[in-house]
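Here's the structure, in structure tokens; my notes come after.
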Amino acid sequence: MTTLPPEGSEPQVPGGQPTNDPVVPEAPQVAVPPQAPLPPQQAPQPAAPQAPQAPQAPPAPQYQQPAAPQQPQYQQPGGGQVPPGGYQQPYAQQPTADPLSNITLNYWLSVFFTWIPALIFFLIEKDKGNRQALDYHRENLNFSLLRTGVVIASYILGAIPAIGWLFVVLLWIGSVVLFVFHIMAAAKTPEAYRRGQKPPFIFNIPLIK
């Protein structure tokens with residue numbers, strides 16, 4: 001038969017020693033204050049419908065001006081080479097005045113004023129290097145000097161007594177003939193120059209070479 005320990009006495013651990021574990025007091029429970037109720041959330045308002053935008057006009061098409069076609073650049077062939085199917089480009093020459101206009105003017109002025117215009121044009125054309133034009137001016141000057149010499153001879157020989165009047169008549173006729181020959185030469189000069197012919201004088205005396 002077992003005996004129960006008396007009330008109020010601690011149970012003994014086997015071995016005869018009492019337990020000394022302290023009793024931990026429980027923490028007092030703090031009363032939590034009631035939370036305030038949350039305000040009701042507003043429902044999301046629907047967005048106001050936007051006014052329809054007017055349709056934008058489509059941009060005008062931009063036309064680009066077509067570029068001017070570039071001309072093909074040809075390289076000048078080397079010396080002695082001719083491009084196939086083409087002709088060698090001639091060297092650029094400086095435009096020169098046509099000497100025929102000066103020749104024609106010189107001849108017609110010399111018909112009426114003899115040696116003065118003939119000498120002026122001869123000196124102008126002397127250094128230009130045109131051999132044919134220089135020959136025409138030289139022949140015109142020679143014929144003009146011949147006419148002038150006939151007029152001077154008529155004055156000198158007319159001073160001879162008794163027979164002076166005969167020389168005057170003969171030289172005056174010769175002067176008229178030379179005048180006509182000069183007109184004929186002036187009229188034929190342009191055509192003769194273009195054909196490369198000699199100055200169209202019927203006869204002449206080479207006083208100036």
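Positions of Cβ are set from backbone N, Cα and C atoms, glycine also.
Positions annotated as region 'Disordered' by TrEMBL: 1-94.
Taken from TrEMBL, the feature compositional bias 'Low complexity' applies to 22-33 (among others).
Feature annotation from TrEMBL assigns compositional bias 'Pro residues' to 34-49.
Per TrEMBL, compositional bias 'Low complexity' is recorded for 62-76 (among others).
According to TrEMBL, the compositional bias 'Low complexity' annotation covers 84-94 (among others).
Here TrEMBL flags 105-124 (among others) as transmembrane segment.
Counting only same-chain residues 6+ beyond the ends of the transmembrane segment (145-163), those with a CB under 8 A from a CB of the stretch are 114-115, 118, 171-172, 174-175, 178-179, 182, 204-205, 207-208. Feature annotation from TrEMBL assigns transmembrane segment to 145-163 (among others).
Annotation source TrEMBL lists transmembrane segment at 169-187 (among others). Long-range neighbours of the transmembrane segment (169-187) within the same chain, counting only residues 6 or more positions beyond its ends whose Cβ lies under 8 Å from a Cβ of the stretch, are 104, 107-108, 110-111, 140, 143-144, 146-147, 150-151, 153-154, 157, 199-203.
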